[in-house]
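Chemist: Okay, so Swiss-Prot annotates it like this:
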{"type": "REPEAT", "residues": "2-32", "note": "repeat 'ANK 1'"}
{"type": "REPEAT", "residues": "40-70", "note": "repeat 'ANK 2'"}
{"type": "REPEAT", "residues": "82-111", "note": "repeat 'ANK 3'"}
{"type": "REPEAT", "residues": "115-144", "note": "repeat 'ANK 4'"}
{"type": "REPEAT", "residues": "148-177", "note": "repeat 'ANK 5'"}
{"type": "REPEAT", "residues": "181-210", "note": "repeat 'ANK 6'"}
{"type": "REPEAT", "residues": "213-242", "note": "repeat 'ANK 7'"}
{"type": "REPEAT", "residues": "245-279", "note": "repeat 'TPR 1'"}
{"type": "REPEAT", "residues": "339-372", "note": "repeat 'TPR 2'"}
{"type": "REPEAT", "residues": "482-524", "note": "repeat 'ANK 8'"}
{"type": "REPEAT", "residues": "528-557", "note": "repeat 'ANK 9'"}
Amino acid sequence: MDISAAVFNAARDGKLKLMQKLLINKSPEERAALAEERTEGGTPLLIAARYGHLPVVHFLLERCGANVALGGSVNFDGETIEGAPPLWAASAAGHLPVVKALLEHGAPVNNTTLTNSTPLRAACFDGHLEIVRYLVEHQADLEVANRHGHTCLMISCYKGHREIAQFLLEKGADVNRKSVKGNTALHDCAESGSLEIMKMLLKCDARMERDGYGMTPLLAASVTGHTNIVEFLVHQPRASREQRIHALELLGATFVDKKRDLLGAMRYWRRAMELRWAGGQAGALEKPTAGPLVPAYDCSREVSTAEELEALITDPDDMRMQALLVRERILGPAHPDTSYYIRYRGAVYADSGNFERCIRLWKYALDMQQSNLEPLSPMTASSFLSFAELFSFVLQDRAKGTLAARVSFQDLMGVLSKSVREVERAVAQRERPPEPPQFSKALSIILHLLFLLQKLRCGPEQEHLKRQTVYRLLKLNPRARGGHTPLHMAVDRDTTSVGRYPVGRFPSLAVASLLLECGADVDSRDYDNNTPLHIAAANGCPDIMAALIRAGAHFDATNAAQQTAYQLLEAQSSGRHALHPLNHTTLQCLAARAVTAHRLPYKGLISEQMEAFIELH
C-alpha cells in the first residue's frame, strides 16, 4: 500500500497516531501534498469530516495545511456525492464539532457539490437542526437551490423536518419559491404527507400554485395517496368544487393502483360523484365528453352516474380500467404517472399470463411517451426494454413448450420500428444531441429486438419490412459509446448486458449477418480505430470474423494500438482456431505493411487511393 492510501485509510478510521507516524518525517510541502492527494475520489480531510474524526481534522488543517475547501467524492447511503467539500460532508453526517472546526479554519459556508447542494441543504436533508442553526448564524444562504431548483425549505418539507422548516421560515425563507419543474414547498409537503408543515406554510401566505405538469398540491397529495393532506385541503375554502372532485377521483385511482384497495377507491369515487351531482341536474358538474374508445382499456368508458358507479363493484377489472381513464383525464398524457400506471397494469396482466392485454397496454403507454417526452427519455427506454424482456420470456418458454402464448411478427416489428423512430428523433435534434449513455442503451435495445426478430419465421413481405427498418437505422450512422456502430455492438459480448433480465446473447452471427445484408459498413472504425473485425476477434469469434471477411472486411487493418484483428484473436484464443492469415493476405497488404514497418515516405508520392490503403495498415 502506498503512503497516500495509508494516510487516507488512517483519516477514514480516525487513527491519529498512525497518521502522525506516517507524516512525522515528511517536509511541510510533502505533508500538504499528501493531505490533498485523492484516494477513492476523496481527500483525507474530506473522509475525516465525513466520519466525524475531529482530532484528525485538526491535525490535517493545522499541521499539514490541508485545503479546507477542496472537494471530492464521498459516499452517503450507497450514493456517491461528487465534488463534496469537507463542510458539506460534516453537515450531512451531523458532526457539529467538525462543522465548527472547518468554519473556524475558513471553510466557505456556501461551498457546493457538483449538483449545487450547499452544506445547509445537506443538514436540512437529514434533519440536523443544530447544524442548520449554526450554519445560518455564520451567514449560510437559505435560498441557494440545487441544480433542480430545490431549496433548503423544500427539502425540509419533503423530509418532514418540522422544526427545521419552522426555523427557516422564521429566518425569512421564500415560501413561494419554485423549482425548475415549478413545484413549491407546498408540493413537497403534499408529496410526503407533512400536514403540520403544510399548515405552517399556509399561515406564512404560501400560495397554491401549479407545477410544470399543471399539478396543484391537492392533486399531488391525491397522486401519492396522502389522505390526510387531501382531506385537509378539500375542506379549505380556496379549493374550488371542481378541484375537490378531481382530487377525490384521482385519490380513488391511487387507491386502485397504488394501494390496491378497491373498496377504498369506491368510497372516494362516491364522494366525488356526490359532489358532481350536488344540487341536482341544474347544478351538476358533468364529466367532459368522452373521446374515442381505447382498445388498450378494453374499450371501457368512464362512468358518469351514481348508478353506473355502483355497477363497477361487480367487475374489479372494469374498476382498474376506470382508474386508468380517470388518471389520463385529470393528469393528461404528458404526466409521468399516467403512462407509469398503464405500464404497471400491463405488467400485472403479464404476471397472470395475459400477455395480449399487457402488450396492448404497453403499446398505448409507449405511444403516449413518444408523443410527449424528449427523444431517448429514460422512461421511454424503460418501456422498450420491458418489451424486449417480455418478448424474450415468451419466446424462451414457448420454445420449451411450457407456454401457449406466442409473439407475433406484428408486435415485435411494431416495437422495433418505434425504437428506430426514437433514434431518428434523437438524431434530428441537432441543437440538443442525446447523451452517449442514452444513445448506447437505445442502440443496445434495438439490437436485442433484432436478435429476437431473427428467431421468428418471416414471409417475403415481412422480411422486406424488417430489412427496410434496419436500413433506416443504418442510414443514420448512429454511434454508441466509444464510437461503436451497430455492427461493432452486434459482435461485442458487452452488448448482452442490457437490463436485469437476459434477452439476447451477443456476439450474434445472426444479427451481424442481417446488418451486413442491409448495408452496414464492414470496415467502419470506432474511436480506438477498431473495425468490427477487431471487436469480433477480441471476443474470440472466428465464425463471425469469417462472415465479416466474406463481406469484405480488410483482414490486416490495424487499430490505434497497431494491432490487427488476427493478433487479437491469437491472444484471445491462444491459437485454438481455424483462421489462417495467408488465406486472407494479399501481396498488396504485405507491401503496405512493409512501407509502414520501415516508415518509408509515401505521402504525396503516390495516389490518394494508395495512401489510404497504406494507412489501413
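Including glycine, each Cβ sits where the backbone N, Cα and C put it.
Let's see these features in context: how buried, what's close, how far.
Modeler: Non-local neighbours of the repeat 'ANK 1' (2-32) in the same chain are 39-40, 42-45, 47-48, 50-51, 53, 55-56, 59-60, 63-66; each lies 6+ residues outside the stretch with a CB under 8 Å from one of its CB atoms.
Outside the repeat 'ANK 2' (40-70) by six or more residues, the chain places 7-8, 10-16, 19-20, 23, 28, 31-32, 34, 80, 82, 84-87, 89-90, 93-95, 97-98, 101-102, 105-108, 111 with a CB less than 8 A from a CB of the stretch.
Break the repeat 'ANK 3' (82-111) down by DSSP state and the numbers are 17 helix, 3 strand, 10 coil.
Restricting the average to the repeat 'ANK 4' (115-144) gives a pLDDT of 98.
For the repeat 'ANK 5' (148-177), the residues of the chain that approach it from at least six positions outside its boundaries are 118, 120-121, 124-127, 129, 132-133, 136, 142, 183-186, 188-189, 191-194, 196-198, 200-201, 204-207, 209, judged by C-beta separation under 8 angstroms.
Within the chain carrying the repeat 'ANK 6' (181-210), a Cβ under 8 angstroms from the stretch's Cβ atoms is held by residues 148-149, 151, 153-160, 162, 165-166, 169, 175, 216-218, 220-221, 223-224, 226, 228-229, 232-233, 238-239, all 6 or more beyond its ends.
Distant neighbours of the repeat 'ANK 7' (213-242): 181-184, 186-187, 189-193, 195, 198-199, 248, 250-251, 254-255, 258-259, 275, 278, 285, 330-332, 334-335, 337; these residues of the same chain sit at least 6 beyond its ends, with a Cβ under 8 Å from one of its Cβ atoms.
Long-range neighbours of the repeat 'TPR 1' (245-279) within the same chain, counting only residues 6 or more positions beyond its ends whose Cβ lies under 8 Å from a Cβ of the stretch, are 218-219, 221-225, 227, 230, 233-234, 239, 285-287, 305-306, 309, 312-313, 316, 319-320, 322-324, 326-327, 330-331, 341, 344-345.
Across the repeat 'TPR 2' (339-372), DSSP helix (H, G, I), strand (E, B) and coil residues number 31 helix, 0 strand, 3 coil.
Within the chain, the repeat 'ANK 8' (482-524) has long-range Cβ neighbours (under 8 A, six or more residues past its boundaries) at 385, 388-389, 391-393, 440-441, 443-448, 450-452, 454, 466-467, 470-471, 473-474, 530-533, 535-536, 539, 541, 543-544, 547-548, 551-554, 557.
Taking H, G and I as helix, E and B as strand and the rest as coil, DSSP gives the repeat 'ANK 9' (528-557) the counts 16 helix, 0 strand, 14 coil.
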Chemist: Checking distant contacts: for the repeat 'TPR 2' (339-372), what same-chain residues at least six beyond its ends satisfy Cβ-Cβ under 8 A?
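Modeler: The answer is 253, 257, 294-298, 320, 323-324, 327, 333, 379-380, 383-384, 386-387, 390, 394, 405, 411, 414-415, 418, 421-422, 425.
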Chemist: DSSP helix, strand and coil counts for the repeat 'ANK 2' (40-70)?
Modeler: 16 helix, 1 strand, 14 coil
Chemist: Within the same chain, where does the repeat 'ANK 3' (82-111) have neighbours whose Cβ lies under 8 angstroms from its own Cβ atoms, ignoring anything closer than 6 residues to its ends? I mean 6 or more beyond.
Modeler: 41, 43, 45-46, 48-54, 57-58, 61-62, 68-74, 76, 117-120, 122-123, 125-126, 128, 130-131, 134-135, 138-141, 144
